[in-house]
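> Per Swiss-Prot, the features are:
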- Cys189: active site, thioimide intermediate (ACT_SITE)
- Asp196: active site, proton donor (ACT_SITE)
- Ile88, Glu89, Ser90, His228, Glu229: substrate binding site (BINDING)
- Ser90, Lys91, Arg257, Gly258: NADPH binding site (BINDING)
Amino acid sequence: MTNYDQHHALQSLTLGKPTPYRERYDPSLLQAVPRALNRDLLGLQATALPFHGADIWTLYELSWLNDAGIPQVAIGEIALNATSTNLIESKSFKLYLNSLNQTSFPSREAVRVRLAEDLSRCADGEVQVVLRALSDFTSSPLLDFDGECIDDQPIHIDDYTFTNRYLEGAAGGSVVSETLVSHLLKSNCLITHQPDWGSVQIRYRGARIDREALLRYLVSFRQHNEFHEQCVERIFCDVMQFCRPETLTVYARYTRRGGLDINPWRSNTHFSPATGRLARQ
């Protein structure tokens, strides 16, 4: 369990509270969560992070009015750099996007620029924004993570309390380069404790990681309360600490909530994430 869910930085969040919807553009709806809350517990310093990466958001419910008052729609893709001071709280992001619904913009590019400015200000870091037409997705198939799925092992699990000790001694033997995948990642929102469902891809070069130990570790997140981004950084740090791979990439894609999905990745090597939807997205 985390020990910062009552931190003063979280007390003003709209998450978990009844909140009215604004009908006009209002960037003040965006709320930031300091990344330092969980990074301090992991022993990470902003000036010497052991990884690079991004939080990739997909915005499925994005609409505004053009100058003629006709509603416009697009699908947004947001990449929030992992070096930003803050992550963006998802409910506030949804409320902010809804505030665009009855607001006029002269062009899609004007919307993109406004999103980039507002999100960068909230996150205190680099944010890339792409807005795509719905027609761009008509021929886009569902994807699956590359790699070996470790979910169908003949093991018994009866403890769902989070612990990274499952990874102690989990790596050994010859050096391999491989990619392991699990679709059984489930954690809970830090504030509301609502379930967050995800698939995770772990790509590494190093001593071979025991599949059973890794699966038990991932399943132990099942009753753990943290935001998506924080879980991915915890997985990265735990695998690095106990398995000591030469290179490591952790990439998770979570199911959507409120018209948004969040897909964080962290890596200490070159990595270009595939951004297509998985089956549950």
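Including glycine, each Cβ sits where the backbone N, Cα and C put it.
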> Quick one: of Ile88, Ser90, Cys189, Asp196, His228, Glu229, which recorded positions lie within 10 angstroms of Gly258 (NADPH binding site), measuring between C-alpha atoms? Sequence order, please.
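Matched recorded positions: Ser90, sequence order.
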> Near the NADPH site, what residues other than Ser90, Lys91, Arg257, Gly258 in the same chain have a C-beta no further than 8 Å from the centroid of the listed C-beta atoms?
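Going along the sequence, the neighbours appear as Phe93, Lys94, Gly259, Leu260.
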> What does DSSP call Cys189 (active site, thioimide intermediate) in the simple three-state scheme?
coil
> Around the substrate site formed by Ile88, Glu89, Ser90, His228, Glu229, which additional residues qualify by having Cβ within 8 Å of the site's Cβ center?
Val33, Asp55, Leu87, Phe93, Phe227, Ile262
> Around His228 (substrate binding site), how many other C-beta atoms are within 10 angstroms of its C-beta?
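Result for His228 (substrate binding site): 23 neighbouring Cβ atoms inside 10 Å.
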> Which recorded positions are spatial neighbours of Cys189 (active site, thioimide intermediate) here, meaning Cα within 10 Å, out of Lys91, Asp196, His228?
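Close recorded positions: Asp196, His228.
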> Give the three-state DSSP assignment (helix, strand or coil) for Glu89 (substrate binding site).
coil
> Considering only the binding-site residues Glu89, Ser90, Glu229, which residue has the minimal Cα-Cα separation from Arg257 (NADPH binding site)?
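Spatially nearest to Arg257 (NADPH binding site) by Cα position is Ser90.
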